[in-house]
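A.B. asks: As annotated in TrEMBL:
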- Lys13: active site (ACT_SITE)
- Asp142: active site (ACT_SITE)
- Pro100, Val101, Ala102, Ser103, Gly104, Ile105, Gly106, Gly107, Gly108, Ser109, Ala110: ATP binding site (BINDING)
- 72-150: domain 'GHMP kinase N-terminal' (DOMAIN)
- 207-270: domain 'GHMP kinase C-terminal' (DOMAIN)
Amino acid sequence: MTTVSAAAAAAAKLNLYLHVLGKRPDGYHELDSLVVFATAHDLITVTEAPGFSLAIDGPFGSTLVAEGTGRNLVSRAAHALADALGRDPHVAIRLTKNLPVASGIGGGSADAAATLKALAELWGVAQDDARLVELAPTLGADVPVCLFGRTAYFGGAGEQVVAGPTLPPAALLLVNPGVHMPTKDVFAARTGAWSTAGRLERDPVDVADFAQLLRARGNDLGAAAESLSPAITEVLAALDATPGCLLARMSGSGATCIGLYADVAAAASAAALINRVRPTWWVKATALLPEVPAAEVVADA
Ligand SMILES: C[C@@](CO)(OP(=O)(O)O)[C@H](O)COP(=O)(O)OP(=O)(O)OC[C@H]1O[C@@H](n2ccc(N)nc2=O)[C@H](O)[C@@H]1O
Ligand SMILES: Nc1ncnc2c1ncn2[C@@H]1O[C@H](COP(=O)(O)OP(=O)(O)O)[C@@H](O)[C@H]1O
C-alpha cells in the first residue's frame, strides 16, 4: 500500500535582540525583535491515516507526553487548519522533540508552524496560503515569525512580521541550563522602563560588525529571567568566557542563551569546553539558517 507523508523541520527561533515597548490593554506586550533561525530543529512528520493521532519522541519528548497530546500546539495547529479548510483532521503526526521545552527558542511555536506547512503539503494547499497566515497568530505570539521562516523583525505582539537584514554567515552556540521558563512568568516579572524599537541601521558587513550592532541592543526580558533563575547568569558568563565568543545573549524569555561565533568550528570548540564543566546543561552548536526549508513529501512506500 502506498503511504503518503510530508515532513517539515521546526527550526529553533532565536531572538538576537528583544525590546519590550509597552503593554497592551489585553495584557500582551508590544515587542520589537530581530529573529533568526538555526539549523537545530524539531521534526514534524504527517502521514495520511484513518483518524487523528500525535506521537511524540526525541530527547525532550517525555515532558510533552506527560502533559498529554491534546493540548500540544501541534494538535491545536492541525485541528485549526483542518477546520479552516473544511476537512477532517485525519492524519498521524510524529513530533521528534530535539529542542528543550519552555526555553525561549520557540519550540512549540516552531512546531505549530511546521505542522501547518507539512499538512498544507500533504493536503495540496500552498504553504504560503492566506489561511495559514491568518491562523498563525491565533496559535501563539511566535507562530507568525516561525511560519515566515526567514530572518525577520517582528513587532506588535508578534503578529507584524517583516523581512530582516541580510546577515553574514555565523555560528550560534545554544546553551540551556535545564530550567523551564514559562514565557508568561518572565513577562510578569519584568520591571523598568519601556524601550524603543531597535532595528539595525544597516546590514552588517561581517560577523564582528554584526556582534557590535547587536551589543547596542539587548534582551529586555533578560534581567527578569535572571531574577527567576540565577543559572542563566552562569550560562551567559560561561559563553562569554569561551574563545571566539563575539556576543552572549539570552533568547526570548529564556532560559536558552546564544553565543555568537564566526564559524561552527569555534562554536563546537566552545560547546566542548562548556560541556566538560557543565555536563548536565544542554549545549548545541548550530549555524545560522537564512531560510527554513519548505515542507516536503518524504515517503512513498
Ligand atoms: C517571548 C517570545 C519572543 O519571541 O518568545 P519565547 O520566549 O516564548 O520563545 C514570544 O513573544 C512569546 O511567544 P509565545 O511563546 O508564542 O507566546 P504565547 O504563548 O502567545 O504567550 C505566552 C504568554 O506570554 C505573554 N506574552 C507573550 C507575547 C507577548 N507579546 N506579550 C506577552 O505578554 C502573555 O502572558 C502570554 O500569555
Ligand atoms: N510542541 C510543543 N513544544 C514545546 N512546548 C509545547 C508544545 N506544545 C505545547 N507546549 C507547551 O508550551 C509550553 C512552553 O511555552 P513557552 O513558555 O511559551 O515556551 P517557549 O519559551 O519555549 O516558547 C510548554 O511548557 C508546553 O506546556
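One is the number of the first residue shown, and numbering goes on along the chain from there.
Glycine is no exception: its Cβ is also placed from the backbone N, Cα and C atoms.
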A.B. asks: For ligand 2, list the recorded positions among Lys13, Pro100, Ala102, Gly104, Ala110 whose CB atom is within a distance below 6 Å of it, in sequence order.
C.D. replies: Ala102, Gly104
A.B. asks: Looking at the recorded positions Pro100, Ala102, Ala110, Asp142, which have a C-beta within less than 6 Å of some atom in ligand 1?
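C.D. replies: With ligand 1 as the reference and 6 Å as the Cβ limit, the list reads Asp142.
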A.B. asks: Long-range neighbours only, meaning 6 or more apart in sequence with Cβ under 8 Å: which ones does Pro100 (ATP binding site) have?
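C.D. replies: Spatial neighbours, sequence-distant, of Pro100 (ATP binding site): Phe60, Gly107, Asn176, Gly178, Thr256, Trp282.
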A.B. asks: Measure from the Cβ of Asp142 (active site) and count the other Cβ atoms within 10 Å, all protein chains considered.
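C.D. replies: Step by step: centre on the Cβ of Asp142 (active site), count other Cβ atoms within 10 Å, giving 28.
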A.B. asks: What is the one among the binding-site residues Ala102, Ala110 whose Cβ has the most other Cβ atoms less than or equal to 10 Å away?
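C.D. replies: The residue with the most neighbouring Cβ atoms within 10 Å is Ala110.
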A.B. asks: Suppose the ATP site is Pro100, Val101, Ala102, Ser103, Gly104, Ile105, Gly106, Gly107, Gly108, Ser109, Ala110. Which further residues of the same chain have a Cβ inside 8 angstroms of that site's Cβ centroid?
C.D. replies: Ala12, Lys13, Leu99, Gly252, Thr256
A.B. asks: Do you know offhand how many angstrom separate Gly106 (ATP binding site) and Lys13 (active site) by C-alpha?
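C.D. replies: Answer for this pair: 5 Å between alpha carbons.
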